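Participant: Okay, these came from Swiss-Prot:
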{"type": "BINDING", "residues": "Gln11, Glu69, Ser138, Gly142, Thr143, Gly144, Asn204, Asn226", "note": "GTP binding site"}
{"type": "BINDING", "residues": "Glu69", "note": "Mg(2+) binding site"}
Amino acid sequence: MREIVHIQGGQCGNQIGAKFWEVMSDEHGVDPTGTYHGDSDLQLERINVYFNEATGGRYVPRAILMDLEPGTMDSVRAGPFGQLFRPDNFVFGQTGAGNNWAKGHYTEGAELIDSVLDVVRKEAESCDCMQGFQLTHSMGGGTGAGMGTLLISKIREEYPDRVMSTYSVIPSPKVSDTVVEPYNATLSVHQLVENADQCFALDNEALYDICFRTLKLTTPTYGDLNHLIAAAVCGTTCCLRFPGQLNCDLRKLAVNMVPFPRLHFFMVGYAPLTSRGSQQYRALTVPELTQQCFDAKNMMCAADPRHGRYLTCAVLFRGRMSSKEVDEQMLNVVNKSSSYFVEWIPNNVKASICDIPPKGLKMATTFVGNTTAVQETWKRVAEQFTVMFRRKAFLHWYTGEGMDEMEFTEAESNMNDLVSEYQQYQDATADEEGEFDEDEMEG
């Protein structure tokens, strides 16, 4: 079985994670105590991708929860599915990282990391044939960003051949929680570029917009946002957990989605997104789902795919549908909007079909796109970073934890390199191949 070990770090990561496990348990018919109450054998067939079966038929999530302060953990434990998790898998410190990346990565986090790695090893050993890890975290904080990236690099050393995928909440342009977000995010990207295989970029502003515009929620809470993220995360792994006509797993996704190793930041979309009131007035058809999931309004990241070009994308369908229709729709999209796809990667749209839809729906799709437009997000963060770093504002918090200014400069230039790489491939055309090689030789 292809198991996935789930890790959640920091406040944001733990809250997304808690919601994710609610959705996951619901899909597999597991109640908050870990007992199975499902109605179909399909729910049990590959339940051990995410769950471990304990004595007495209890299903326990393969989840590791870490934080540098006990607060969020306590609320997860007190939440509806708090009793589901294995108590030993809660690893937390007492001090907190205080939104300081250096504390999470170098001081406080480094003290706690060994106990987290012990739990990771335990979970990995209980797997039959582990496929990889998934981490939910934010990039703007201290624990999720600093300690999360530290954990990724440690796991990378120990399990170099396993897929590492992250669901990273990027600081959004309008909704800011802390002043030092640009610092934390830039330092995190510096790590993720090197050590992760695929990063699903999410941000709160785009999620707010979806809740507000599409779902017609007047006052969206973090719970609503996290529910959207959870739906998308479940969609990216459904083919591992349920039978399908065209399967897709984390590694297949990575191979098909990442044309150049550094460019592994994806935008995620989900369909159908309709407000609760208008659900019954719309027919869910494959064309409608396809059209919706390519729509810029459905992207969970505040970058507009129309401003860039898709290097690759994958559409993961769920539900009973004809594969012929899916293929037709995919062709249709590529032919109609061919200018949005780079022409030097033929067949760069991958579709997969999983037969079991999410709870309460007949069909759904998750969209994962590797578009050059994601550079907008990094550009924005880099600009904010530069403005503060030029004045060395707030820098003493980081140097006080033993960081060097040089590290900031490196992270900044790595971020700028990433942006210009995206731009280079956005401008590249199929017949320019020769010119590129010459440039590289001269350089």
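Quick reminder: no glycine exception, Cβ is built from N, Cα and C everywhere.
Could you give the neighbours, burial and distances for every feature on this list?
Facilitator: Here Glu69 (GTP binding site) comes close to Phe92, Gly93, Gln94, Thr95, Gly96, Ala97, Thr143: these same-chain residues lie at least six apart in sequence, with C-beta atoms under 8 angstroms from its C-beta. Secondary structure at Glu69 (GTP binding site), taken from DSSP and collapsed to helix, strand or coil, is coil.
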Participant: Please list, in sequence order, the residues in the chain of Asn204 (GTP binding site) that are at least six apart in sequence and whose C-beta is under 8 Å away from its C-beta.
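Facilitator: Expected: Val169, Ser172, Val175, Leu225.
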Participant: Can you tell which of Gln11, Ser138, Thr143, Asn226 has the least company, meaning the fewest other C-beta atoms within 10 angstroms of its C-beta, among these binding-site residues?
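Facilitator: If we count Cβ atoms within 10 Å for the binding-site residues Gln11, Ser138, Thr143, Asn226, the smallest count is at Asn226.
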Participant: Just checking, which of Gly142, Gly144 (binding-site residues) has the fewest C-beta atoms within 10 Å of its C-beta?
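Facilitator: Taking Gly142, Gly144 as the binding-site residues, the minimal 10 Å Cβ count falls on Gly142.
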Participant: What does DSSP say about Ser138 (GTP binding site): helix, strand or coil?
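Facilitator: SS state of Ser138 (GTP binding site) = strand.
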